[in-house]
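> In case it's useful when we look at the structure, here is the feature table from Swiss-Prot:
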{"type": "BINDING", "residues": "GLY108, SER109, HIS110, GLY111, LYS112, THR113, SER114", "note": "ATP binding site"}
Amino acid sequence: MTIYHFVGIKGSGMSALAQILHDKGFQVQGSDVDKYFFTQKALEEKQIPIMTFSADNIQEGLTIIAGNAFPDTHEEIERALELGLPVIRYHKFLGQLIDGYTSIAITGSHGKTSTTGLLSHVVGAIRPTSYLIGDGTGSGTKGAEYFALEACEYQRHFLAYKPTYAIMTNIDWDHPDYFKSVDDVFNAFETLGKQVKKAVFALGDDAELRKLTLDIPIIYFGFGEENEFQAKNVIKETTGTKFDVYHRGEFLGSFEIPAYGDHNVLNALSVIALCDYEGLPVEDVKKELKTFEGVKRRFSITEKANQVLVDDYAHHPSEIRATVNAARQKYPDKKVVAVFQPHTFTRTRTFLQGFADSLNLADEVYLCDIFGSAREKTGNLTIADLAHKTKGNHIIKEEHTEELLKYPEAVILFMGAGDVQKFQAAYEKVLDHEVLTEADLKKSAIN
């Protein structure tokens, strides 16, 4: 039996796919850079070997699954081609894997990971379900009927999939290094829609998605009256959100989610719509929606000292706005401080004013240096260009996160798609030191 070798195994999709193959009984290994990524924890728990990149890792008997961030000139891929080993790109392998399941591809400019996680949780509790989530989580469930997968639009990679269903959460202009306009993004989504076998579930409040023309049913969901599935009577509380759902004007039920913001209501509504279409019991869907704990790096909360620290993947103006609004719903009486690390120079330059406008919805803003990508390590702007447009003109360094101590009782949002987590980790060490120092002072006073 072949051994599957993943080039770039710490990538979020790659990590999840490696776990799926491992669960299905295949022998799996992979390689990547030495740097720690949150995705590797699950790999280590399953004892999947992780090596440092080297041509010497490539031996006879391997099937190479190559991450999309790595060109054919990468040393391991080059060696594999020299040896005549099978080399297949991540998205193409996944496209083949989902055949034979009732597959549900979740795509959209924003909300893919959260919706895939929610769908996997709900459907997986009702019927056996395999899943691949963009937070690095994957499961190759034995006897699975369903396969839920996050489908990324970047470079049109999702066109490798021919799923049974698709959920389209929204269309927005992102990845400006590849997509030239929102029309370009729309064309990619419509092309995917034409490959879907049974039905597309699309946000009907999104003007772009309303333009879809397909030969299969398009089931629209949203807040507007014209949607087939409509969320009404939304009640936002500090413990979560309640809402009623109507299907073609008929009351379907009252639902509750332990999540915040309109975007999470819409994510849940898409799952409710698909489950209804598939005939899954509505009472089971209600029950499972209540127990979803979220996905990694999406409004992940840590309470430390007297502050609330939130880790979030938000890296686009629309996502930052949604994250700030969610924080205000859950913590209405707290100051909101945004710590943001822009991801890629092209995106930062293209959406510079949009980033400023969204960040300025917070009470205070701190900016980290721009995080480049494997494809784009430098650019013709600096973080100062964005800082000049935001409240306070603050730029924060990993070595000096103690500046955030100025905001007792605040919610501090660490946002970004790069390695903004290192800023949170550094700040948590500062807080730990502060707590220890305070304890020492109290002890001295007693003595």
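Using N, Cα and C of the backbone, Cβ positions are placed for all residues, glycine too.
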> Around the ATP site (GLY108, SER109, HIS110, GLY111, LYS112, THR113, SER114), what further same-chain residues have their C-beta within 8 angstroms of the site's C-beta centre?
ILE106, THR107, THR115, THR169, ASN170, ASN267
> Counting across all protein chains present, how many other Cβ atoms fall within 10 Å of the Cβ of GLY111 (ATP binding site)?
25
> Using a 10 Å cut-off on Cβ-Cβ distances across all protein chains shown, tell me which of the binding-site residues (HIS110, LYS112) has the largest neighbour count.
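The residue with the most neighbouring Cβ atoms within 10 Å is LYS112.
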> Show which residues of the chain containing SER114 (ATP binding site), separated from it by at least 6 in sequence, have their CB under 8 Å from its CB.
HIS263, ASN264, ASN267, GLY294, VAL295, ARG298
> For a quick check of packing: other C-beta atoms within 10 Å of the C-beta of THR113 (ATP binding site), how many?
24
